[in-house]
Amino acid sequence: MSLQTNHRPVLVVDFGAQYAQLIARRVREAGIYSEVIPHTATADDVRAKNAAALVLSGGPSSVYAEGAPSLDAEILDLGLPVFGICYGFQAMTHALGGTVANTGKREYGRTDINVAGGVLHEGLEACHKVWMSHGDAVSEAPEGFVVTASSEGAPVAAFENKERKMAGVQYHPEVLHSPHGQAVLTRFLTEIAGLEQNWTAANIAEELIEKVREQIGEDGRAICGLSGGVDSAVAGALVQRAIGDRLTCVFVDHGLLRAGEREQVEKDFVAATGAKLVTVDERQAFLSKLAGVTEPEAKRKAIGAEFIRSFERAVAGVLEEAPEGSTVDFLVQGTLYPDVVESGGGSGTANIKSHHNVGGLPDDVEFKLVEPLRDLFKDEVRAVGRELGLPEEIVGRQPFPGPGLGIRIIGEVTEDRLETLRHADLIARTELTEAGLDGVIWQCPVVLLADVRSVGVQGDGRTYGHPIVLRPVSSEDAMTADWTRLPYEVLEKISTRITNEVPDVNRVVLDVTSKPPGTIEWE
């Protein structure tokens, strides 16, 4: 399911940049649809996608390096607006007859550029900071291009050709370290390329609902596995809006959920969508499979395998209850655009990473996949969810791992330990919300060090309790993350409440590790 037919995409040509997906997100934040394609794409590939414009991403190479990624020169003859960024700026220069040289002045990090007119930087300070990351630099712009910015290490830090609707910058406008970067990118898209800003949550929701109707048809039936997370909830809400009670949502309670999550799905999701919901209580089955298991990967595998078996049983029940003569042919999944790109979808394929499929279903049950969110980024999914009327408690929910609290208990998972962690997690989430910090942090895993005991003093006696770890992080995409600097008074309140209210916990510690080197989750 794709939105290409309704929106001519701005194609982000990926030269191996870590920021290609981020560029695509920034284009969409400007209100214009975008997709990522590999640099190996040909002019015919671009024509086939009916592109509205091209953005050439950065990359780690020199344009003169052996095997450096190159651009099909015919693409620049298609008459499309083109915007080059960093390596893409240099590749564009090279292809159009300009000069890229090793000036001997590398620039990495925050750098001052001096602006000399032009559309891109109109209204900005004559000297302002941007984020650079380059060795080579453009020393001479292609014929017909006007140089509009320079820096100490880049004689040509930006250029424009309004007649050809082409422009480029040596720096990275897509990162937050370039404070005016979003404005510069938006000015290219609207002022130079002349594109309409019609990519909105309302339009997206309306188009996706119609496409689901087309795919499933007037009589088709579908099943959707709800995890309690944002993606499956929004996917389920979209499909329910499209086909009504021909959708059955299945929620497996594996006992590894946080406080209130089952109730949130059973009450809030159903109330907001009117969806038909089947809840399967598999708590004891999961606990029995996790008994004695302490190794993190073994936990994940045990939880994953048991979830498949639980979902199989739920699907069998739904199939049995389907009206006589009807079948359930479609499986709804919350696959997002980054999953499609990472699995090869950016090059025109439709591979889905295995962990996004419900594997292990019976051989005689074959579903056609319905993936209404496969063109969307996470922030867009949240916006669509709000447009569909889902409560903020669902659409604003922090990311939560599939194995749940099972991988936030360091040690064996038992019912008592789950209750301990669930209580501590609820306190932390409540205090962060009351302090107005939900919009500041990406997520805050709360971890129980169940195999560790620390000595403490509570009341008049010595205690040997477990430590709780708080792991608040800030991120845009979870690929990298920094620990969040929470106010001391909030940390104090969380710590005091947890050590006073949660049995067997006498210490709260703060994880101040960034990613890399540490991952967001402990297991």
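Positions of Cβ are set from backbone N, Cα and C atoms, glycine also.
These features come from Swiss-Prot:
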| type | residues | note |
| --- | --- | --- |
| ACT_SITE | CYS86 | active site, nucleophile |
| ACT_SITE | HIS172 | active site |
| ACT_SITE | GLU174 | active site |
| BINDING | SER227, GLY228, GLY229, VAL230, ASP231, SER232, ALA233 | ATP binding site |
| DOMAIN | 9-198 | domain 'Glutamine amidotransferase type-1' |
| DOMAIN | 199-397 | domain 'GMPS ATP-PPase' |
Residues near ALA233 (ATP binding site) in space but at least six apart in sequence (CB under 8 A):
LEU226, VAL265, PHE269, GLY385, LEU390, ILE394, VAL395
Going by C-alpha distance, which of the active-site residues CYS86, HIS172, GLU174 is nearest to GLY229 (ATP binding site)?
GLU174
Quick check on the recorded positions: of CYS86, VAL230, whose CB has the lowest count of neighbouring CB atoms inside 10 Å?
VAL230
On the 0 to 100 scale, where does the mean pLDDT of the domain 'Glutamine amidotransferase type-1' (9-198) fall?
91
Between HIS172 (active site) and SER227 (ATP binding site): CA-CA distance (Å):
37
Per DSSP, GLY228 (ATP binding site) is which: helix, strand or coil?
coil
Excluding SER227, GLY228, GLY229, VAL230, ASP231, SER232, ALA233, which residues of the same chain place their Cβ within 8 Å of the centroid of the Cβ atoms of the recorded ATP site?
LEU226, VAL234, GLY334, ILE394, ARG397
Pairwise Cα distance for GLU174 (active site)/CYS86 (active site, nucleophile) [Å, integer]:
11
Measuring C-alpha to C-alpha, could you say which of the binding-site residues GLY228, VAL230, ASP231, SER232 are within 10 Å of HIS172 (active site)?
none
For the binding-site residues GLY228, GLY229, the one whose C-beta sees the most other C-beta atoms within 10 angstroms:
GLY228
How many Å separate the Cα atoms of CYS86 (active site, nucleophile) and ASP231 (ATP binding site)?
33
Counting across all protein chains present, how many other Cβ atoms fall within 10 Å of the Cβ of GLU174 (active site)?
29
Hey, what's the Cβ neighbour count for SER232 (ATP binding site) at 10 Å?
21
Three-state secondary structure, ALA233 (ATP binding site) (per DSSP):
helix
Across all chains shown, how many C-beta atoms besides its own are within 10 angstroms of the C-beta of ASP231 (ATP binding site)?
22
